[in-house]
């Protein structure tokens, strides 16, 4: 008996079945780096239209977490997909290197500046520490498969970048947006510094909730407003507050001009309250009986004066729209030094902006005997007792409410009026211009627009000064007496920037003012403040994008960060760009959600539900992490767990196995010599290429709209449905048994080749390592890397006007599905083993029969049976099985003949060929003759 196995075209490839990614990926990375893959891509894309995704800099502190992985991989997917779309898309990663977290780490190592080390030594250690953190994070980002200019990233502590940050401040000053003022700012006593909006988080806190009486200074004048001549006891305007510690700074009581206020008599005292709140105040104060003596509008009480409850001065009643009826008494205790609304209304009435609290959060000497030197939050109970002793406390209770806290220390913060530098939102129309610019940006998801519009519309002036050591200096000179900026500020800023560009920020602190001011040095002093780190990162469109040569002077096309950055980097970048350029720094802003565990819980070390990207890469490989991110709808919360990653690994195996099948069956195929022209190909092969074409159209549209989970879904559908459950199954017979160089086989290989060329490109942005590996096994001459290529343009499909068009094959697929059900039932009943043991008779109506008959003798190949007959529907015997397809019944029987040892089909002509007596006639033709002809399947 002959060994016919050697006559088969069995699949063969060196492409491994197992990905073994954790082991294989580092070797690939080494090759990418040694061959300068990023540089190769840049050279290949030179001269193309640019797409610039500007990297929002992560903070240079600590190891990367799973959220970092999401962010960087999403960016990498976009950059790579844009490259495949024909763009030159350089990616320059960056890091945020100044600021408090690094200072705190360095303090733990060497102590505070000015104690064990000088400020200069402290800054040098901060720079060294930040560089170490950058190196660690960089290694992890590279391990993720993210391609970028890792040898030349931007760091906000680069001397040139520090200088350009200073220059950005100079342009803001030139355009009239900077001012100085003693405004209340978020202040952290633990930090000893002002905080930016983005550095504030909210947590629940329990505070005293108190109603406090302010007695009228001129009782008769107050009573006259209510049309009352006398009352029993003192007349008091009642305020409600949850911050008793701010009462020493009280300088007014705010009322709403439009509200109705009532004079209410209780036992031994007359109270002034908003009419709509009288009942709720009485209820919480435990007062069951009261009498309304009179009423008036809030406007009637303007500028009447009331005695401070424990300090020896009186304060005016003033009017403000910020007073509401949501809670309280309708009268708001007003301390301009401790609240933005209070500050605005105090400015309007030209009131003192009192700030009796020092930078450490303790009262200054001279505030009040029992309070001097006390920490404000510890003083709350003291103040309640003082009010009780003075008879000014109407009611006290504990209230749990959301309270602003320091993002770093998690401790409650205060509003505190300090001399600070601000970017004004309104003095030169920055708010109005920013709101206008927002409308010209594409926000993805689109709810991002309303979110940032609300933030810009309601935000206060931006306090950009900080009292820190490790930061970019404001580099300003102010007059010793007037505190006005030097008239040559623009020129001086450039002079300082040049020194910083040469020697770093220490150059500012080492600078002798006389070196740049000359004789003016006697009258001007250096501003000691540093810039808010959000100014550092928010100015990178100017300090980095505008100056890096690879960006060619183009503005950024996209900013992509987590959804918390609407009030962070997106906001600060918008403010600075609009202030210095009059336009937004980006065309598109894309946000992603935060990672949660499989149960939807926030990641927390204390819960123990964190997922380490390093662990995932070491165990499963970066491509599994990348596929998980690519397959997730990142617009909301992004769930990750061992089980979810396992599902990603399963999906990966399906895709890898498909790719391996394609490669194995391209063995011996040279696309230059062996390709079959589309018009000469077997119809089914053209259909398969058409499936790839249809899939590519959807995949490219999904990449274009950044819906990467749709890319993965369509890729999986293509591999599992069109290919895995139909086409790849059907072609095995023709691929393995036809003559190796026959049109029948080469047609199939031509289809597999086109499909492979497309598939590897679809995968490349998401499963980059695997795509590169597949690329290296594909036949034919090609570029060194798939990442330098564009989407495959060699796909074609069936014309809708053809008889065997896509709709025709869709019907064949439905018939095959019904046949499979009948075969499966027969196997379960032990009537047959495999499908090739079956012969099926399809009883079809005229319409369906007409389609099935077009496949002629090749129909059984499409059904994976040894025989297939088509009969009239009405001739179906009772034993024929009904199907879910209207007009189709199926009868199954055992195939006649014997099993051919070569093709495994059951045939009645085995032995008919004398030269090859062991095999069927078809195989004999394929082995020793001209080979079978296939037209359809």
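The backbone N, Cα and C atoms fix where each Cβ goes, and this holds for glycine too.
Straight from Swiss-Prot, the features:
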- 58-68: motif ''HIGH' region' (MOTIF)
- 561: L-isoleucyl-5'-AMP binding site (BINDING)
- 602-606: motif ''KMSKS' region' (MOTIF)
- 605: ATP binding site (BINDING)
- 900, 903, 920, 923: Zn(2+) binding site (BINDING)
- prompt: Whose Cβ lies within 8 Å of the mean position of the Cβ atoms of 900, 903, 920, 923, the Zn(2+) site, other than those residues?
  reply: 737, 901, 902, 904, 905, 907, 910, 919, 921, 922, 924
Message: I'm trying to understand the geometry here, so how far is the Cα atom of residue 920 (Zn(2+) binding site) from the Cα atom of residue 561 (L-isoleucyl-5'-AMP binding site), in Å to the nearest whole number?
response: 64
Query: In whole Å, how far is residue 561 (L-isoleucyl-5'-AMP binding site) from residue 900 (Zn(2+) binding site) when you measure between their Cα atoms?
result: 61
Statement: Secondary structure of the motif ''HIGH' region' (58-68) by DSSP, residue by residue, totals 3 helix, 1 strand, 7 coil
Query: Within the chain of residue 561 (L-isoleucyl-5'-AMP binding site), which residues six or more apart in sequence place their C-beta under 8 angstroms from its C-beta?
result: 56, 71, 568, 569, 570, 591, 592
Query: Residue counts in helix (H, G, I), strand (E, B) and coil for the motif ''KMSKS' region' (602-606), per DSSP?
result: 0 helix, 1 strand, 4 coil
Local confidence of the motif ''HIGH' region' (58-68) - pLDDT mean: 92
- line: Counting every protein chain shown, other Cβ atoms within 10 Å of the Cβ of residue 920 (Zn(2+) binding site) number 28
Message: With the cut-off set at 10 Å between Cβ atoms, which of these binding-site residues ends up with the most neighbours? Options: 900, 903, 923.
response: 923
Cα distance (Å, whole number) from residue 605 (ATP binding site) to residue 903 (Zn(2+) binding site): 59
Statement: residue 900 (Zn(2+) binding site), DSSP three-state class -> coil
Task: Specify the secondary structure state of residue 561 (L-isoleucyl-5'-AMP binding site) as given by DSSP, simplified to three classes.
output: strand
Field: Alpha-carbon spacing, residue 923 (Zn(2+) binding site) to residue 605 (ATP binding site), which is rounded to whole Å
entry: 65
